[in-house]
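Here is the structure we will look at, set down as structure tokens.
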Amino acid sequence: MHIRSLELRDYRSWPELKVDLEPGITVFIGRNGFGKTNIVEAIGYLAHLSSHRVSSDAPLVRAHAENARVSAVAVNQGRELAAHLLIKPHAANQASLNRTKVRTPRELLGVVKTVLFAPEDLALVKGEPAERRRYLDDIIATRQPRMAGVKADYDKVLKQRNALLKTATIALRRGYGTEEGAAALSTLDTWDGQLARLGAEVMAARFALLNELGPKIYEAYTTIAPESRPAAVNYKTTIDQGLSQFSEFDAGIIEATLLTELAAKRQREIERGSSLVGPHRDDVDLMLGDQPAKGFASHGETWSFALSLRIAEFNLLKSDGTDPILILDDVFSELDAGRREKLVGIAQEVEQVLITAAVHDDLPENLKKVLTAQHTVTVQDTGTGRISLLDVQP
């Protein structure tokens, strides 16, 4: 897979950008803050419908603009698809595919497949569980776009359930002794059923993904850091104890176990005013030997583990039949010689690689020799603020 052309309008620092891209390795050179990462972020947004840098859409829209536009023509095994996304900071985003408006932007998932490695990926190892959950969910949505809808539905149910637990605390505590309490408990039962059904689908997909990813993460880490302890990953849930009695389990067993745990935790949830059971509280244990990587890994081991997660993701998507686009955002300056060499080896075998770097010297020498294209990102101050420019001589 590769992107043949990319267009941006009012995306962050880019009032307008039109660039033709080719298979091979393309690098964007520009000083920090000039807007080079905004280019690859936009491609990643088109692939995942989310940014690797911010959690909301508002920062993606250029100051004083009503919306941002991202358009790309992707080529996959000779077939071209034109994806277009309109990002609205205060309303629902809109999308079209081959100039035909689609019902929801989620229909774009899978059109562009990317794997992005950036300094922010250290948070996969050192950060909060939400980072690791998102890592899994993004891969699942790329491979099974329908699951993005399941996850979105789960999040809506969770929000409604939490709102009930917060606003109807007194009624819930009174229980069936009052009409108000009985109504609140009946509503909670309804949300429990939906939370368990949707949550079981999310969890089953995560379990299945980690079963495939685990060996690839182990292999990637062993290749990158052969002198280190072996890497392993385990999915940690809020219902581990309930699931431990089953040697194998599917979504049905997970759903039943969730319902059992929700019943057991109901009083605590009413007292706390929040949902304590479900995939929104799960985590992925990243292990080096018999120790968790978080808190025990050295800086070099943390980089190796983060890189291994992305390489495993890339290899998994590739095994599905399509080379995803590999995006390397300002990472070579952060890696030691050994890790740089491993990454260059991978990049040389990928259909399309997009790289950002602050200066040309940040690139490894063996990478400079195989570049397909190089672009320079500069900036210009205008009456409406600083804007980014591509290949414009000062």
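Just so it is clear, glycine is given a Cβ too, placed from its N, Cα and C backbone atoms.
Here's what Swiss-Prot has on this protein:
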{"type": "BINDING", "residues": "Gly30, Arg31, Asn32, Gly33, Phe34, Gly35, Lys36, Thr37", "note": "ATP binding site"}
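A simple Cβ count within 10 Å picks out one of the binding-site residues Arg31, Lys36 as the most packed, and that one is Lys36. Here the binding-site residues are Asn32, Thr37; the one with the fewest Cβ atoms within 10 Å of its Cβ is Asn32. Listed binding-site residues: Gly33, Gly35; maximum Cβ neighbour count within 10 Å falls on Gly35. Long-range Cβ neighbours of Gly30 (ATP binding site) (same chain, at least 6 residues apart, Cβ-Cβ under 8 Å): Lys36, Thr356, Ala358, Thr376, Val377, Thr378, Ser388. Annotated ATP site Gly30, Arg31, Asn32, Gly33, Phe34, Gly35, Lys36, Thr37; additional same-chain residues within 8 Å of its Cβ mean position, judged by their own Cβ, are Thr356, Ala358, Val377, Val379, Ser388.
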